[in-house]
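Colleague: In case it's useful when we look at the structure, here is the feature table from TrEMBL:
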TRANSMEM  B:6-24  transmembrane segment
TRANSMEM  B:45-68  transmembrane segment
TRANSMEM  B:74-91  transmembrane segment
TRANSMEM  B:118-143  transmembrane segment
TRANSMEM  B:155-176  transmembrane segment
TRANSMEM  B:183-202  transmembrane segment
TRANSMEM  B:234-256  transmembrane segment
TRANSMEM  B:268-295  transmembrane segment
TRANSMEM  B:370-389  transmembrane segment
TRANSMEM  B:395-418  transmembrane segment
TRANSMEM  B:425-444  transmembrane segment
TRANSMEM  B:464-485  transmembrane segment
Amino acid sequence: MEEKLLNYIYRKRKRLFIILIFALLFYFFLPLSLIFIPEIMNKPSFLFNLPWAWVYAILQFPMTWLFCSIYHRKAKKDEQELDAIKGEDVN
Amino acid sequence: MNPTYFLLLIYIIVCTLIITYWAAKHSGTTKQYYIASGTLTGYQNGMAISGDFISAASFLGVVGMIALRGYDGFLYSIGFLVSYNVVLFLVSEPVHRLGKFSLGDVVCSRFPGQKMRLIMAICTFIISLLYMIPQLVASGFLLRLLLDLNYSVSVLLIGTIMTIYVVVGGMIATSWVQIIKTVLLMSGTFLLTLIVLSNFNWDLTLFLNKVEEGTPLGEQFFLPGHLFNIPIEFLSLQLSLVLGTAGLPHILMRLFTVRNTYEVRKSLISATWIIGLFYFMTLILGFGTVALLGYEALIAKDPTGNLAAPLLAKVVGGDFLLAFVSAVAFTTIVAVVSGLAISATIAFSHDIFFHILKKGKTTEREQVRSARITAFIIGLLSTLFALRLESINVTSLVSMTFTVAASSVFPVLVLTIYWKRFTSVGAITAIVSGILASFIFVVLGPYVMNPSDGLFKTEAIFSLYNPGIVTIPIGFLGGILGSLLSKRIKQKETDFNSFYIKAQSGYSSRGES
């Protein structure tokens, strides 16, 4: 039982770290791009001619919601798998 | 005071006191008093988390900052929002599964012992008070500006109301005050946003042109770099903001007020939607202030920019809208300080009084009584501190809170939950090194050492206002070194595998899943 649970947790953790690293990279690219490639980030964009820095900053909002919703969907599936493992233990 | 302001203020106070009276009847046990018996739904808890998190600094400060500094003012909002990804992914579910009432419960589920509990309680206490005092001081200034009340009267009013909510109604009253605050704040901000946009016939190009005309920065207003021109400072602030929320006890304690991890996730996802939409609207309000009021008029009234939203409300909606926005600001302050007061109360009454002083042997009634007394003393002390510390630098304390949380509680939680070789000595060294480093670097930094307005009129020894980029690694390093160097010392510790399974799945071999 313990081994099954640890395997389940290992798979879950791997997915979690991938999504977390992706979310943090997406976020930290904002300050890093402003520091290292300001000439690109200051160029006018398609969005009312505002600099690209605005587009990337505003994009953080839908991306945060998207990451949360992906995580929630995965977590729901994980919980079903966990219930199945627990069910096996009871039986 | 204008009668409209007075009536709205009284109306809000009376409504919330009625809720507190109702909550008092349902706060007879520790479970009810500390965590509202875990009965909030995910959506309710999400609204309460937003109410707990969005402070007056966000509502008034961010709008002002965007109006004055453009793009860079908006970057604060993004750090605050993205920090919820870290809370959701890394700590939320394990914290809910391992804790009962406090962060002490979470860490002690792996490292049982009074010393550990005491340190976690002190840490929670320090962070909550560090955050509560500047909020109270800021509330004094804001109510003086908004409602023309004397500083001491403002602080006493907020302090008294906060104390009543927490002492009488515990977590139930606090949660509902925060939910009401979120509804008022979101509806007020939404209304103001619609009015601002309608002033430009919903033409965003015209709106942005007017923004350019209203600021002395002209088209430069939309370019980055008007606030953060030192890259390392900017990166350090973003790091503290994004990791700090996952170490704030008053936010983490809200993870105990729902019944399962599904509701925990729903709480945090609802909170990110509310907080995200709110910050998006503050962007329009900041622009609206420049376009409709103008930079010079804002600076003439308040050079800090904190009055941007209320002044904008007066321009577009007259006295009534100004009164409404002021009432929203008042509710915002009360909701946040109540959340902080209850987290400090639980740390003392549950961790110190119940577990350490009484060794877990006392009645429910006595525990609730001690919690109410603790809440009263915390309310009284924080109000007295705020009255005495009128001249303190509010920004430095708020910034220090995020830095301390990200450098102490956050490393301890992450290492406790995920690192097998972490030890109780490591947990203690992580907390101590994180807190000490934060204090030392803030004291040596330009908030405290500054030739023009610092506490010490001298050049700063450490050049960063936000030392997170140094102190967060110190907190982690303290934990890692402490663990590696203490491996040989015999320590009280639960078996890691069973702890880890419980943290990640809620399953316990003793059948407590």
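Keep in mind that glycine also has a Cβ here, set from the backbone N, Cα and C atoms.
Bear in mind that TrEMBL entries carry predicted annotations, made automatically and left uncurated.
It should be emphasised that the depicted structure is a prediction, and the values quoted were computed from it without experimental measurement.
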Colleague: Between the stretches B:74-91, B:183-202, B:370-389, which wins on the count of C-beta pairs under 8 angstroms to the transmembrane segment (B:118-143)?
Modeller: B:370-389
Colleague: Which sequence positions outside the transmembrane segment (B:74-91), separated from its termini by at least 6 residues, show Cβ-Cβ distances below 8 Å to it?
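Modeller: Sequence-distant neighbours of the transmembrane segment (B:74-91): 53, 58, 62, 65-66, 227-228, 234, 237-238, 241-246, 251-252, 265, 268-269, 271-272, 275-276, 279, 282-283, 286, 413-414, 417.
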Colleague: Between the transmembrane segment (B:395-418) and the transmembrane segment (B:6-24), are there three or more C-beta pairs closer than 8 Å, counting only pairs 6 or more apart along the chain?
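Modeller: By the criterion, they do not touch.
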Colleague: Report the listed stretch (B:45-68, B:155-176, B:183-202, B:234-256, B:464-485) having the maximum count of Cβ pairs within less than 8 Å of the transmembrane segment (B:370-389).
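Modeller: That would be B:155-176.
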Colleague: So which residues does the transmembrane segment (B:155-176) touch in its own chain, when a touch means Cβ under 8 Å and the partner is 6 or more beyond its ends?
Modeller: 13, 16-17, 19-24, 26-27, 32-36, 40, 44-45, 48, 136-137, 139-140, 143, 149, 257, 330, 333-335, 337-339, 341-342, 345, 371-372, 375-376, 378-380, 382-383, 386-387
Colleague: Using a Cβ cut-off of under 8 Å, list the residues of the same chain at least 6 residues beyond the transmembrane segment (B:183-202) that approach it.
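Modeller: Distant contacts of the transmembrane segment (B:183-202): 12, 47, 51, 54, 59, 210, 274, 277-278, 281-282, 284-285, 287-288, 291-292, 309, 312-313, 316-317, 321, 324-325, 327-328, 331-332.
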